[in-house]
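Data first, discussion second: the structure below is written as structure tokens.
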Amino acid sequence: MSDLFQKAPEATETIVPPAERLGGRRLHVRRGVHRAQVLRHIALMVVTFVMLYPLLWMVASSVRPNSEIFQHAGIFVDTFDFSHYPEGWNALSHPFSTYLVNSAIVVLGTIIGNLVACSMAAYAFARLRFKYRKAAFAIMLITIMLPFHVLIIPQYVLYSQLGWVNTFLPLIVPKLLATDAFFIFLMVQFIRGLPQELDDAARIDGAGHIRIFGQVILPLMIPALATTAIFTFIWTWNDFFSQLIFLTDPSLYTVPVALRQFIDAQSESDFGAMFAMSVVSLVPLFLIFLFGQRFLLRGIATTGGK
């Protein structure tokens, strides 16, 4: 009877200390974050490969025999044939070095024009106070949305009357007139981020606008100027349409126009030589971006702040 009235043993419940419970939760969160980072990196690698695949295929095709170029979609080469490079260098009416020099002349002229003209226009919009300044700035921004093809016929008629067609002048002279509104806007935003006290201190010392611009503002604009130079180089080096319109003499062809000559609609096109010279034409772009990316990132990062 005494056993009947004996109490049953109570079930013991394991109590987890708060510290261990919090540590387990942190471990679970850390694993979730790590898993998300792995998936993000995998997605970025896939997107990067998709974007780089055409470039890698072009490089691989430049060392393949012509008979195998369009038979393989992969980027791995079975049989290497480097003869496309010397053949492509001398395949056209002039050595390919002629077209590289022509592109370098046009690029150098446009870079100098944009750096000088756009920086002066940007200083005027950012620091000077004149009538209809805001209206002029708004009109300048509207020109960014104006398609280039709308202006090409009036420009061709004008340059033809001036005798500039078949010269580099139509490609360089407009840059000396601050026609690239994007770079003006870029520099205006950068100058507005500079302290006004710098101008005031220079003005107290007797400096005028020219001296303030040349000795105070311009040295501080190095990141914005470098960004302008890099973008101008890339856009001008890759420009095909305007250079095709204004340059008809083969001795004045630039790299994009010269590459088009490898494709002949009436005979067999030499794609191997074209791909080889395309790889050669990309080398300056890679070098400019490789050595200028530090200034490019700094210029973009410091442009929007005021």
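These residue numbers are counts, starting from 1, taken along the chain as shown.
The backbone N, Cα and C atoms fix where each Cβ goes, glycine too.
Annotated in TrEMBL:
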| type | residues | note |
| --- | --- | --- |
| TRANSMEM | 38-60 | transmembrane segment |
| TRANSMEM | 99-125 | transmembrane segment |
| DOMAIN | 100-292 | domain 'ABC transmembrane type-1' |
| TRANSMEM | 137-159 | transmembrane segment |
| TRANSMEM | 171-191 | transmembrane segment |
| TRANSMEM | 212-234 | transmembrane segment |
| TRANSMEM | 271-291 | transmembrane segment |
Intrachain residues whose Cβ lies under 8 Å of the transmembrane segment (38-60), provided they are six or more past its termini: 73-77, 275, 278-279, 282
For the transmembrane segment (171-191): best-contacting stretch of 99-125, 212-234, 271-291, by Cβ pairs under 8 Å: 99-125
